[in-house]
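Peer 1: There's a structure below that I have some questions on.
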Amino acid sequence: MTDAPDPAASAVTYASYLEVPGLLSLQNPRSEQDGQLAEHDELLFITIHQVYELWFKQVLHELRGDEAAPGAGGVQGALAEGDAYGAMALLGRVLKILKTLVSQVDVLETMTPLQFNSFRARLESSSGFQSAQFRELEAVLGRRDPRLLTNAVPGDPIWDRVRAATSRPSVWGSYLAFLAMRQHPVPAEVLEQDPFLPLESNESVQHVLALVYRGDDAAALLAERLIDLDEGLQEWRYRHVKMVERTIGAKPGTGGSSGVGYLSSTLFTPVFPDLWAVRQQF
Ligand code: HEM
């Protein structure tokens with residue numbers, strides 16, 4: 001007798017549960033004709049972008065929880081419930097994923113400029129600019145900027161999600177509300193601010209953060225996980241721009257930007273500016 005389930009007795013298989021055939025049918029290099037891949041490296045380019053999109057999906061799920069019940073689950077849900085350890089555990093997971101996202105750049109950097117150029121024209125005007133999930137991630141974290149929606153396709157549900165994210169409290173807003181719940185004196189005008197508006201750097205908030213660091217260990221640890229997240233995202237931007245520079249040099253991007261020049265302008269822009277500003281108070 002063995003406890004191992006009889007595979008024949010179960011309708012669910014590895015392939016059916018994970019939808020492997022469907023998944024493997026989604027990589028369709030444009031240089032492939034009659035089953036022959038003309039440009040060997042195009043498959044890597046597609047695979048790596050798809051893997052990024054899957055991780056973006058997972059990170060969004062971990063941050064904001066269940067779409068059907070906004071605020072339920074995820075880091076934001078845990079913060080709303082005052083559950084510091086739940087939020088910390090989920091942020092820890094997000095940070096591990098972010099490390100994976102950054103290290104994956106190494107794989108794409110094995111592709112030389114010549115290899116990329118062999119299929120680049122086939123991308124036409126498609127570009128990372130059009131990654132709605134990346135924009136959604138920025139919005140969920142706290143970015144409020146009309147440029148988030150520059151590439152929005154009207155009526156496309158994925159872009160509707162970006163728009164919806166800008167009308168909900170951000171992760172930063174959730175953290176401030178969590179601090180208020182723990183009796184920290186977060187100014188009411190900050191807590192009640194219209195979620196559509198950007199959360200500007202604010203000295204009163206920095207004062208609260210200084211108190212948190214000195215007297216509320218759980219909330220301070222959470223602040224450290226948030227600054228890890230901010231730094232991790234900046235690290236991804238840095239690795240991306242260097243990858244772009246070594247692959248296309250000073251050429252403009254397929255999405256119409258100046259390329260490296262534009263991407264460099266997005267470096268060192270913090271997601272949670274108050275968490276950086278408070279450091280000089282210690
Ligand atoms: C050879 C590899 C790559 C090259 C040459 C490249 C190039 C570029 C360029 C030039 C831009 C600026 C927009 C434009 O004019 O097109 C851009 C933006 C972007 N790319 Fe890439 N990219 C590469 C790989 C990736 C990968 C693997 C991802 C993962 C999802 C990615 C995600 C993004 C995102 C999200 C943006 C928008 C960034 C922002 O506006 O802040 N890229 N990319």
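Glycine is treated like the rest: Cβ placed from N, Cα and C.
All TrEMBL annotations are machine predictions without curation.
Per TrEMBL, substrate binding site is recorded for Phe45, Ile46, Thr47, Ile48, His49, Arg120, Thr254. The feature heme binding site is assigned by TrEMBL to His240.
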Peer 1: In Å, rounded, how far does the Cα of His49 (substrate binding site) sit from the Cα of the residue listed as 'heme binding site'?
Peer 2: 12
Peer 1: Using a 6 Å cut-off on Cβ distance, which of the binding-site residues Ile46, Thr47, Ile48, Arg120 come close to any atom of ligand 1?
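Peer 2: List returned for ligand 1: Ile48.
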Peer 1: To the nearest whole angstrom, state the Cα distance for the pair Thr254 (substrate binding site) and the residue listed as 'heme binding site'.
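Peer 2: The Cα atom of Thr254 (substrate binding site) is 15 Å away from the Cα atom of the residue listed as 'heme binding site'.
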Peer 1: Round to the nearest Å and give the CA-to-CA distance linking His240 (heme binding site) with Ile48 (substrate binding site).
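Peer 2: Roughly 13 Å, rounded to the nearest whole number.
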Peer 1: Could you find out if DSSP has Thr47 (substrate binding site) as helix, strand or coil?
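Peer 2: The residue in question, Thr47 (substrate binding site), is helix (DSSP, three-state).
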Peer 1: In Å, how large is the greatest distance between any two Cα atoms among Phe45, Ile46, Thr47, Ile48, His49, Arg120, Thr254, the listed binders of substrate?
Peer 2: 19
